[in-house]
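Okay, so here's the structure we're looking at.
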Amino acid sequence: MQTEHVILLNAQGVPTGTLEKYAAHTADTLLHLAFSSWLFNAKGQLLVTRRALSKKAWPGVWTNSVCGHPQLGESNEEAVIRRCRYELGVEITPPESIYPDFRYRATDPNGIVENEVCPVFAARTTSALQINDDEVMDYQWCDLADVLRGIDATPWAFSPWMVMQATNREARKRLSAFTQLK
């Protein structure tokens, strides 16, 4: 398991310090910087992952491909690439911003709060997956249209950040562009 921190933010999104990642996520989680990424394969299918049961927040929940926290001195794009390698063992194309101003707060059934400024990215995989079981307990390659129908019909079956991202009209449009074969 990687030791990481989160970059704390004030209400205007300005960095104010750091805190160890595990300690940062509590019932009173402070606002911090994160990222979320949606990955597509060469067939235009979306990678949906199920969070490992050892995760502190939303264990066992289906979500978009990979999420994480940039480290000090690291761009969001560099953080996406790092976490894709760590969680999924996969190489990707340069991440593209699809929802740059996404911000949310949500509480999981155990009372753990996510409180994040969380730019959203999409990319294509360029290598085979090598799943890290400490991070991901299951995964599926799915047609984006099927996933979006599932989110619309049963939002409770997915992470709240995935649902909020997928219900944003502009983000949906940008995600749909990744289903086109290149």
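Glycine too: its Cβ is placed from the backbone N, Cα and C atoms.
Using a 10 Å radius centred on the Cβ of C67 (active site) and all shown protein chains, the other Cβ atoms total 22. DSSP gives C67 (active site) a strand state. The active site annotation in Swiss-Prot covers C67 (among others).
Within the same chain, residues at least 6 positions away in sequence whose Cβ sits under 8 Å from that of E116 (active site) are L31, H32, L33, A34, R103, Y104, R105, W161. The active site annotation in Swiss-Prot covers E116 (among others).
Taken from Swiss-Prot, the feature Mn(2+) binding site covers H25, H32, H69, E114, E116, and the record attributes it to sequence analysis.
Marked as Mg(2+) binding site by Swiss-Prot: C67, E87.
Annotation comment: Swiss-Prot describes 30-164 as domain 'Nudix hydrolase'.
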Quiz item: Which has the fewest other CB atoms in a 10 Å radius around its CB: E87, E114, the listed binding-site residues?
Solution: E114
Quiz prompt | Secondary-structure category, per DSSP, in which E87 (Mg(2+) binding site) falls | solution = helix
Quiz item: Given the recorded Mn(2+) site (H25, H32, H69, E114, E116), which additional residues of the same chain have their Cβ within 8 Å of the Cβ centre, ordered by sequence?
Solution: V6, K21, A24, T29, L33, A34, N115, C118
Quiz item: Of all the recorded positions given, namely H25, C67, H69, E114, which is spatially nearest to E87 (Mg(2+) binding site) at the Cα level?
Solution: C67
